[in-house]
Structure formats: structure tokens, C-alpha cells
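Engineer: Take a look at the following structure, please.
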Amino acid sequence: MNNEDAELINEFVIESQEHLSDVENQLLSLESQGDSMDIALVNTVFRAVHSIKGAAGFLGLDVLQGLAHREEEILDKLRANELRPTPVVIDTLLKATDRLKGLLADVYTSNEQDITDHLDALERILNGETAAEVASAIPEPIAQVEATQPVANEGLSGEALREFLIESHDNLEQLERDLMSLEEDPTSEMLVNGVFRSIHTIKGTAGFLGFAKLEKLSHVAETLLGDVRAGKLMMGPEIASALLLTVDKVRDLLASIEQTGAESDCESEALAESLTKLHEILLPESTEAPAKSTVTPKAPAKKTTPKKSGRGRTTKTSTKRTARATSTKAATPRKTTKPKAKAEPAPPAHAKSSDCSTEATTPVSKATDTAPPPSQPISVSPAAAKPNVAHPDTSAAESTIRVDVALLENLMTCVGELVLARNQIMQFANDHADPIFQKTSQRLNLITSELQESVMKTRMQPIGNVWSKFPRLVRDLAGICNKQVRIEMEGKDTELDKTIIEAIKDPLTHIVRNTVDHGIENAETRRKNGKPDEGCLTLRAYHEGGQVNIEISDDGGGINPELIKAKALEKGLLNQDQLSKLCDRDVGNLIFLPGFSTAAKVSNVSGRGVGMDVVKTNIEKIGGTVDLQSELGVGTTIKIKIPLTLAIIPALIVTCDNARYAIPQVNLQELLRLDGEALEKNIEWIQSAPVYRLRGRLLPLVDLRDQLNIDKSNDRDAMNIVVLRADDRQF
């Protein structure tokens, strides 16, 4: 395959992934509309799939073309009102879309993939079979584990996979060090909690991304560690050795995922079974002494690295090989200079699809923030290559370009250095009474500020990019939990720095999962309480005072403060005297303490008492805060406050004893100056503590000299007061 072929295929993959990025949510919208479905929305989905089918056929990707063609036929029946968007129809289309994403992720071996089960399910819908018959043919998700997010890793983006691998390798390195230390000091609660948290993080992310083997192995190890943490087991050589073997096996699975995009068959299930047996044997003996078991798992034999093909990825083999969708072809699809007529081309969806003639062979770029690179578009005929004047996407595509993130990061670093140099020049200009130099420095200040603002905008992304995956997640979790839940979003266009966006993905996902699992009741309970059967989960984002507020609200049962207090006492997190001093709001926030959980049963969704602790820790790492407000029987709201960006933080420069200090402006409320008589009148004292009365409110005063141990021998005749806000309190 020459460079031109590779470029065309890569262009096809990028544009097809863009087409599919919105299809999932559009299908969910169609399902919610029922009989009053929006035909324009059906046409949008149809065009996306139609474009993929045409381009795949041109490039010789027959399996992709065949699956897209079947999906297109169902969509055509929907827009002709010959089918209704029932849950079974939408389920089948969603599974087929997931499979399309998987084929695109490994496009160079896509012609060797088996999609018989998906084609069979789609064919049953076209033949008008009953819902039960169709449901029996719908293929199960790849990662079918109890109570986990059923999203297969086939649609996983390269960026998300890369982040997962980097984070998991970091966790493994820390995990290995902690295990070695724990073997020497088996009573260290800090080390046990650290090991448990690392395993829990790997398990949760693996389940979220659909890596079933990795999740299962991590889950078994986590269960074993849970009993160690609870004091039911003592950390001994057997457990330490077994967990170190688990670390090695997880590392092997990660290496396989990195090389092939899939988990290899490296005997992880055998190791998981051995860990379970070890757990069962040690547990009864744990009350007497550390068990001396002979079932320490053995390290499985190393297997050879899968042979790479295409772009360095291995061929995926399906467990069902009874039939092929198309005739077997070479692993690397070819494209000739002049397209050859195929012996049996896929038939058009229907005659009425003529309104999509230009999209049939040309992937249409969407007018979004991410636009296709300016390379030659895929086309079959000169007519198809002509720009469609009536289509608005052409001008939008020409007005945007793709830029590598590394280039933007480097540009941001340079701007940061420029800002520092600007500040030094401005300080120098203020110290020298040279009007020409001052005028020039002011001009430099203006240009630098504009450049800084422009570069910052290139890093900003709408929070809707994170939220776009939640409708599918909520839908699937609601099905698992046997609940009816709808999701509403407000402020999807609220923008945040890319670094912040990446940092809040996992915390928000965990909160949404917890809300569906714990917050919202099932239909029967809601009915008894006079509520509609369907619960509502609301995501809201808005700007406030230089920060972004994110609220996750539900109309569920709320949090019972008495239950929280009882659990806190039971786990020894607080004593009765401490609990008696807490208001209901503070009691609700106890769920963010390490190890706190009210779940009666531990599952892969929640119940370990780790998730909310990690949520708070991760939010605080980026300078944010988390607060919970709940009313029993009414619902719960979790409010997250985070900075707009971490790249450059505006600050107020203050001087104390000839030293300069910076106060982040995000916390700044107002500035006051007291001198003379006002200084004597407005400063009050309560139990030897100074306070200032601001518009009827008493604010505690903190003297910067006291905090910095600066000499206070010199009396002052004036005072500058900086009013700050932190954690919803002024001081």
C-alpha cells in the first residue's frame, strides 16, 4: 500500500468517526420521541451512515460497507414510516453503530472481521420479526460484566486509549512499590488504602472502556484487598505474591492493548480463579493467624507477542466464525487509481435515497470545532467531487484546520514566558520616568494580553464534549438497575480549558453512575411516593465569578442524614460528639470521606466506598471544590466549582514588609482601605479575635503579618483589607 492509499484511508477513518460521533445521541433522541419522531433527525443519521457506506465501498472495505448498508436500509424504513423507533430497533442500531466504530478503529483488518451476528439482527428487523425474535439475535456487548457500563472498547478513540494506558502504567508502578512496602509493614492502613485505590482505579476505567478481562482480574484482586482493608485478612507473603503476579498480568494485558487494541488471551482468567481460591482458603483462617496456603497462583507461561499487521495492530478474531458477511479479502484494502466496477455491488438503499446523491461517495465534513484536514476528498466521479453550493458544510470546512495538540501546548508555553517577560518590562517601565519607553511598554502589554487571550481560546472546549457520552451511559445503567431515567442538560456550550475537561471526565462519570444507581428510585418506589415513574437527572453548567459551576441534580430519594450518621459511627469515621455538631448539609458531605459507603451490596457499579473520595480528590487537584446538598424524599444536588484554566491564573499582587505576594483573583471579592477614624471605628473584637463589619456582616480578619511571622512593632495608621471567598464563605 502506497502513501496515497494510507492517506485516503486515514482521511476516511477520521471523517467517518466524526459522522458517528453524534449518531449515538441522535438515535437516543429518536427513541425518546417514539411515534412523533423527527424525520429530519432520521435523515441526518441516514446521511451519516450513507456517506460511510459509499466511501467504504470505494476503498474496498466490504465488511464496513455491508454493515453500513444494512443499517442504512433500516434507517430508510424509519424515514418512510415503515418502522417505528422502538427500543429493540434502537438497541440494534446502537450495537451496529458500536461495531462500525470498532471496524474503523482497526480498519486495516476490518475485512477479516466477522459481523454475522449484527447482520442477522438487522435482517430480522427488516423482515418484520417480533421484538422477542429480534432481541434474541442482538449480539451482547463485548464487555458483558455485571453492573458495569456496557460500552465496548471498539469505539474507543486513540486519545482516550492513550490516556488510559499512561494512567494505568503509572498506577501499576506505584502499586508495585506499595506492595513491596506493605509486605514489610503489613499493618500500614495508608499503604493498604493506596494499593486498594490503585486497583480500584484500574478496574473502574477498564470497565468503562470495555476491557472485560482486565476489569475481571482487577475486580478479584480488589475484593481480596477489600478484606485486607477491613481487617478480615492479614497481609502476608501469599497475598503479596499473588498481588504482584496480578500486577505482572495487568501489565501484560496493557501491553497487548497498546499493541493490538485488544486484550490478549494471556491466562488472566486462570489467575483470577487462583486469586479467588486463595481468598476462599485464607478467609476462614484469618481469625487465627496469617494463613499458610499452598495455592499461591503460579505465573502463567509467557506467550509470544501477537504478530502485527497493517498499522501495527493484530487481527481480531471473533468467537463466532460460522459464516462470513462477505468473501475473504486481503487484510490491507487497496484502492486503484480508477475505481473498478465490482461484480456484485451493494444495492442502493431505495430509489427515494436520491436526495443523498452527493453524499453517497463523499464523506461529508461536519461544521464542528474539529474539521477535516485539507487533503483530497474521497470521490468516485468528477461530479461527486464538485462542491455543493447549497450545502453549508463546505465553507465551514474551508474556514477551519486541524492543529496538533502538541503545537498548541508549545505555543501556550511560549505565551506564558512572554507574559513573564512583559511583567518584568512593565515593572521596569514603572520605575523609570521615560515617556517613550512607558508608551512602548503599554503597547507591548496590550498586544501580549490579546495574544494570551487568543491562545487561551484555542484550548477551550465545550463541556458538552464530556456530556455527550452520558445519555448512552444513563440509558444502559437504567436498564441494568431496572429503573426509568431521563437525562437533561443545560449549558452544554460552557467552555473550559482542555486540561480541565480531561481532569473532570472520570469524576463526572462516577457521579452520574452513582446517581442512577443510588439516587433515583425504581418506578414502583417512585409511584408510592407520588412521583412519576421516570426519574430525572439534570446536568447544568454556568459561569460565575471567574469559575465554572457544574451541578448534577436528581429528583430521587435524597440522602437520609440519620443513615449517614449511623454509618459514620459504625465505620469509626467520627464520634457521637463530632456528629452532634454537624448540620444536615455537613452530614451529607461525609460521603466524600475515604471508605464511606451506604451500599448494602458491593457491585462493579458502586459500593466500595472509594469512588466519591477519589472524585473529591481529583477535583481538588485542579483547584476545584465539591459540595453536596440533599433533601430527603426530594433529591440531591452535587455542585462542583472549578477554574476556567490552569495554564495562567490571574492574581492580585500585594506587598507586605517589602515582599510581594500573589492572591488568586478567582477568590477575590473586593478591596477596602481603612485609615484614621474609620480604622478605629470599624474594627471590632470578639473573644480577642478581630472582625470587620461589612454591610451588616461580620467578617473575620486575618493579619498577613501574623501568618508570615513578620515583625508588627511598627504601628500603622491605615489598613488594606482584601475580602476573599472560599468554600462559599467570606473572610
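Keep in mind that glycine also has a Cβ here, set from the backbone N, Cα and C atoms.
Sequence annotations record features per position, and here TrEMBL assigns domain 'HPt' to 1-107, 153-257. Marked as phosphohistidine by TrEMBL: HIS50, HIS200. Taken from TrEMBL, the feature region 'Disordered' applies to 283-396. Here TrEMBL flags 289-299, 324-334 as compositional bias 'Low complexity'. The feature compositional bias 'Basic residues' is assigned by TrEMBL to 300-323. Annotated compositional bias 'Polar residues' per TrEMBL: 355-368, in sequence order. For 441-646, the entry in TrEMBL reads domain 'Histidine kinase'. Summarising the annotation, TrEMBL assigns domain 'CheW-like' to 648-731.
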Engineer: In the predicted model, what is the mean pLDDT computed over the domain 'HPt' (153-257)?
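Structural biologist: In the predicted model, the domain 'HPt' (153-257) has a mean pLDDT of 77.
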Engineer: I need the CA-to-CA distance for HIS200 (phosphohistidine) versus HIS50 (phosphohistidine), whole Å please.
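Structural biologist: With distance taken Cα to Cα, HIS50 (phosphohistidine) is 42 Å from HIS200 (phosphohistidine).
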Engineer: Using DSSP, tally how many residues of the domain 'HPt' (1-107) sit in helix, strand and coil.
Structural biologist: 91 helix, 0 strand, 16 coil
Engineer: Within 10 Å of each Cβ, count the other Cβ atoms, then let me know which of the modified residues HIS50, HIS200 comes out lowest.
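Structural biologist: Taking HIS50, HIS200 as the modified residues, the minimal 10 Å Cβ count falls on HIS200.
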Engineer: Does DSSP put HIS200 (phosphohistidine) in a helix, in a strand, or in coil?
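Structural biologist: Once the DSSP labels are grouped into three classes, HIS200 (phosphohistidine) ends up as helix.
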Engineer: Tell me the residue counts in helix, strand and coil for the domain 'HPt' (153-257), as DSSP assigns them.
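Structural biologist: Grouping H, G, I as helix and E, B as strand yields 90 helix, 0 strand, 15 coil.
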